[in-house]
């Protein structure tokens, strides 16, 4: 097992996303002071023979909590800010291409659509709304309401055009039709805040959630009365879940218990491996979309970590704020 580490003093990593274009590139959204106060940084890192190297860095006046790459332009990415803003960045420019500030509170989630013929951005905020934007971040195209708690995660379906999922402090997973402007499904997924959700890359009807209750649950959205699998093992809140891009069975999760765990949700004993390389909360997680067995993760303890494992199965791709209680 090989672990490569990039350390960013006085910054705490909240999200990491692998480039869809370059195998060795990733972006990290980071904040000062655990995101409670201070500014933020957006970092682009490239693999080098000696480890991850800083390719680009921008500073922001408030914390940054999420980041997503454009699927059409290898140099463009969007970040979500604690000041209620979305910023569109280009690697060749020092200032944002565009700033959008329609959300009334922290923007905690952002995602760029992956489906052909639908180039759009979705954001989720602590103001309990999700918004869909055109790729230039002009005025939002639509606003979605219905969650009774803050929204922690929004993510486009990799299969169905103009369809996204969201998870919230109200304990639900919701599926939305962006064209119709409607919620198509609301799943009472956990009896606690749901901090994260993701779609299976191999089955359009399967999604996963992670919660403050420490569990990861996998759902068949055609019959969501009970989960396909409840996976327990984390000691504290699950901050991020990601399906493998190389295997429909595999899910990774990271947690406030300082660990990253790998699960095969189709096995009764689902836990495959536990990695405990961080000294504080692990908040960000992504698979390399080009290199099997490679996972990137970001921790609140300061360093951004790039982890490559040869032992894993082969798989592809608030006044100031109060955060969810990890206990």
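Backbone N, Cα and C atoms are what each Cβ position is placed from, and that goes for glycine too.
TrEMBL annotations:
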| type | residues | note |
| --- | --- | --- |
| REPEAT | 73-99 | repeat 'WD' |
| REPEAT | 100-143 | repeat 'WD' |
| REPEAT | 144-186 | repeat 'WD' |
| REPEAT | 187-229 | repeat 'WD' |
| REPEAT | 231-273 | repeat 'WD' |
Non-local residues, at least 6 beyond the ends, that sit with Cβ under 8 Å of the repeat 'WD' (144-186): 105, 108-118, 120, 122-132, 192-199, 201, 204, 207, 209, 211, 219, 221, 224, 318, 324
Positions on the same chain near the repeat 'WD' (73-99), where near means CB under 8 A and six or more residues out: 17, 19-22, 27, 29, 31, 35, 40, 42, 44, 55-56, 58, 60-67, 105-110, 112, 121, 123, 125, 127, 133, 136-138, 318, 321
Helix, strand and coil totals (DSSP H, G, I; E, B; other) for the repeat 'WD' (144-186): 0 helix, 24 strand, 19 coil
Secondary structure tally of the repeat 'WD' (187-229) (DSSP, helix then strand then coil): 0 helix, 20 strand, 23 coil
